[in-house]
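Listed in TrEMBL for this protein:
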ACT_SITE  35  active site
ACT_SITE  83  active site, proton acceptor
BINDING   35, 222  Mg(2+) binding site
BINDING   36-40, 48, 52, 80-82, 84, 86, 203, 209-211  substrate binding site
Ligand code: FPP
């Protein structure tokens, strides 16, 4: 078994659980639907946005936990194309979170060799949101460690439809032929290209749905759900999900 790596800055909790994991069977890509921020806040008599703030702080903790065990890609579903339907004050609050998160956390993310990426549409996002993310992407572009990928202004059906439109245009222009279209070629027309498909999807807050998230990419992912709301989902819960992943036999339709 290869040894787990060291980390810099705040240490992830749950070290004893790390030692119980099989370091040769760590999911390459973990995707997370960070649900339940609003309910977490409301249960405590706080405004919904307090839940988002607490959820933002948790992004950093779980990133460090994933990094410590050698996860290569961690995708966090931060804002869906459907989330625009929420009250304006809540949307405005969510859009400002990157301006708080990155300046506060970037040094530690860099010290841990983390690369920031975004999967989603730029159109519709405020300039300040995009700038905060783009600055973080630029500052971490030479890092080679964990990819912390924010799914922001992302929706899977739109992603597939836009991909098909581009694919059809390329066929019309003779750049590719219809016969060439296979799973790997289609994947290249999705926003997640060139990231690998998630091996494990975690969804918090007890909801048992995929909610228009990576519908194509999750075809063979292991799904893991917890009743815990995102702000109360801690490092040891993340490691429990990894332990459960390691108990599953992935057969991809075979025997
Ligand atoms: C869903 O919970 C959560 C969101 C729509 C937002 C998630 C965003 C973060 C945790 C912060 C991301 C951080 C950065 C830096 C971009 P909900 O509010 O829908 O929960 P509910 O179902 O209880 O209402």
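Just so you know, glycine gets a Cβ as well, placed from its N, Cα and C.
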Around the Cβ of residue 84 (substrate binding site), the count of other Cβ atoms that are within 10 Å: 11
Residue 81 (substrate binding site) CB neighbourhood, other CB atoms within 10 A: 17
Nearest of the binding-site residues (84, 210, 222) to residue 35 (active site) - Cα to Cα: 210
Nonlocal neighbours by CB distance (under 8 Å) for residue 36 (substrate binding site), same chain, sequence gap 6 or more: 51, 204, 205, 206, 207, 228, 229, 230, 231
Contacting recorded positions, sequence order - 35, 36, 38, 84, 203, 210 vs ligand 1, Cβ under 6 Å: 35, 36, 38
Alpha-carbon distance [residue 222 (Mg(2+) binding site); residue 210 (substrate binding site)] in Å: 12
Residue 203 (substrate binding site): secondary structure state under DSSP, collapsed to three categories: strand
Proximal residue to the residue listed as 'active site, proton acceptor' among binding-site residues 40, 52, 203, 222 (C-alpha distance): 52
